[in-house]
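As structure tokens, the structure follows; a few thoughts come after it.
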């Protein structure tokens, strides 16, 4: 039975995975386990060299140079240790991905659109990693200078399991865990790998069944069936779509999360099932945990967060969702999506504050 071809993200990453990325991830696993077994002290540098070689192989010398240039510029600006300047640099670098002349130049580097999009997606995710390192550099104490050097930035930026699509791991977590030397057990790691592969294979089979049998995205791409459907049917389609999105990211984030575990690192928790969520706040906290931690640590809390006044909280939340919308591409529908999510979170938090008033609690 033919599959639903309308979910670009699933088709794209599965195609790349089958062609090259899964093989490169297997190579990373081999390098990681050998370095943990023989040269644990030099593991970050072995993985850095492998990540740079994998980047060169997939994206070519020009794609590799773009990512290296982004890292070098971010590191140079971070030397001023000004958070505002670092954020300005990050936003400028991110904006270069949307300049038509730059886009056309990068397209000419490759033979197909798929190769260009791989560079685009990779650089977008690397921008977040560069931002995380640079802000941690701005905040670090002089005694932590050795763990915030340019080689450590390259080890972080070119760490291959999270290289193309995430999940996002903040630099402070990455560096602490990568520098920690633990006892290595081949037997334990092998059992983690086997169980992890079985789970990911089950999720992949479930996603393939959904995309071959349900045709959710094909239905959404045509106005005629949507106009004739009842509200109950539309609700069912919406639920089916978000459930597929959930299963899809169990696979897309499950593979790198397994490799993080094999490297002795603690990955961000995998997405929580959307059927268990009943609030905007929980959705943002527990679906993409790595992105949530990034947003809270580098935008929400520095802007005041929940500890500031009502206006400050509204501004912190608005800036957080504005960045998410811009990072995802900045199209008009993304701004509407971000605004609706912001409104949902504000209404929920406002309701909680009202219900926490003692008089209201007595009435309840």
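One-based numbering along the chain as shown.
Here the Cβ of each residue, glycine as well, is placed from N, Cα and C on the backbone.
Whatever TrEMBL says is automated annotation, not expert-curated.
As annotated by TrEMBL, transmembrane segment applies to 20-39 (among others).
Sequence annotations record features per position, and here TrEMBL assigns transmembrane segment to 46-69 (among others).
TrEMBL lists 75-95 (among others) with the feature transmembrane segment.
The feature transmembrane segment is assigned by TrEMBL to 116-135 (among others).
Annotation source TrEMBL lists transmembrane segment at 150-169 (among others). Within the same chain, residues 13, 16, 21, 24-25, 28, 44-45, 47-48, 50-52, 54-55, 67, 71-72, 74-75, 118, 121-122, 125-126, 128-130, 132-133, 175, 178, 252-253, 255-257, 259-260, 263, 265, 267-268, 288-291, 293-294 sit at least 6 positions outside the transmembrane segment (150-169) and bring their C-beta atoms closer than 8 Å to a C-beta of that stretch.
Positions annotated as transmembrane segment by TrEMBL: 190-211 (among others).
Long-range contacts of the transmembrane segment (231-252) within the same chain: residues 7, 9-10, 13, 165, 200, 203-204, 206-207, 210-211, 214, 216-217, 219-220, 270-271, 273-275, 287-288, each at least 6 residues beyond the stretch ends and with a Cβ under 8 Å from a Cβ of the stretch. Look at TrEMBL and you will find 231-252 (among others) tagged as transmembrane segment.
According to TrEMBL, the transmembrane segment annotation covers 310-328 (among others).
Residues 91, 94, 124, 127-128, 291, 295, 299-300, 303-304, 334-335, 337-339, 341-342, 345-346, 349 of the same chain lie 6+ residues outside the transmembrane segment (310-328) yet bring a C-beta within less than 8 angstroms of a C-beta in it. Among the listed stretches 20-39, 116-135, 190-211, the one sharing the most Cβ pairs under 8 Å with the transmembrane segment (46-69) is 20-39.
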